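Visitor: Input: one structure, supplied below.
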Amino acid sequence: MSAAMSLSTNPDPAGDIRDKLIIGLDVPSVEEARSVVERIGDAGTFYKIGYQLAYAGGFEFARELIGQGKKVFLDLKLHDIGNTVEEGVRSVARLGATFLTVHAYPQTMRAAVAGKAGTDLKILAVTVLTSYDDIDLVEAGYAPVTSAELVAHRAAQARDLDVDGIVCAATEAERVRSIVGPGRLIVTPGIRPAGAEAGDQKRIVTPAEGIRLGADHLVVARPIVKAADPRAAADAIVREIAQAL
Ligand SMILES: O=c1ccn([C@@H]2O[C@H](COP(=O)(O)O)[C@@H](O)[C@H]2O)c(=O)[nH]1
């Protein structure tokens, strides 16, 4: 039975498929986040909390979501001296989140791996933000390097430091998979359903392309949380994922 067929015929075969879609709760308050989650209902199983919500009560809301059986990705993109990162990760691990991001700098990744030891938290290393292109990297002070090369370099370092997964654009997912192998996660923001506005994202693909290129999870925020019908938007992406598997 194809994944697409099983999605439409079995009451909850889609649990695993739905987990492939991580919905970014980029909204200004817990009240709005709660309302979005309620509207999406069982179409959403995995939610991401980033800066906007985290600093507006998002940690408490993360506990609420986990209590409802949802998975939570804390997209905090930590980057500091090693001791601070290690202790910060130790605190985050107590919340019961599934994923936490750190920037893919070796000291930071090493500290994060030490901080989550003995817990179920998975650390994801953010390689090159999907809003960056090669010109942005030069502006940020990097010697001319393509985003694809820098992603590959950082993915290899993340693998060597035993980080659980990589955040990159899906355009780099095939190369990253060849570097990190099958045992590590590839999580890709910069996903836009056909016809959706790119906004500030520069390295984008559609949900189907993201899955075909080898992403384990797709991160989508604005195309869902700003949609007139967030549940329909999430469902359409899950269907597209199922068809691409
Ligand atoms: O490289 C990265 C790392 C993280 N993000 C985050 O993902 C979502 C994407 O939001 P959209 O509205 O779907 O563009 C957002 O929360 C980012 O902080 C990323 O885009 N790129």
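Every residue gets a Cβ built from N, Cα and C, even glycine.
Just lifted these from TrEMBL, have a look:
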| type | residues | note |
| --- | --- | --- |
| DOMAIN | 20-237 | domain 'Orotidine 5'-phosphate decarboxylase' |
| BINDING | D26, K48, 75-84, T130, R192, Q201, 221-222 | substrate binding site |
| ACT_SITE | D75 | active site, for OMPdecase activity |
| ACT_SITE | K77 | active site, proton donor |
| ACT_SITE | K77 | active site, for OMPdecase activity |
| ACT_SITE | D80 | active site, for OMPdecase activity |
Visitor: Could you check which of the binding-site residues (D26, T130, A221) sits closest to D80 (active site, for OMPdecase activity), going Cα to Cα?
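Guide: Answer for the nearest of the binding-site residues: T130.
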Visitor: Do any residues at least six apart in sequence from G82 (substrate binding site), in the same chain, have a Cβ closer than 8 Å to its Cβ, and if so which, in order?
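Guide: Residues satisfying the criterion: Q107, T108, R110, A111.
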Visitor: Less than 6 Å between Cβ and the nearest atom of ligand 1 is the rule; apply it to the recorded positions L76, K77, H79.
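Guide: Checking each Cβ against ligand 1, none of them comes under 6 Å.
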Visitor: Work through the recorded positions one by one (D26, D75, D80) and point out the residue whose CB has the fewest other CB atoms within 10 angstroms.
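Guide: D80, out of the recorded positions D26, D75, D80, has the fewest neighbouring Cβ atoms within 10 Å.
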Visitor: Any idea what the Cα distance is from A221 (substrate binding site) over to K77 (active site, proton donor), rounded to a whole Å?
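Guide: About 16 Å separate the Cα atoms of these two residues.
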Visitor: Check the DSSP secondary structure of G82 (substrate binding site), expressed as helix, strand or coil.
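Guide: Helix, per DSSP.
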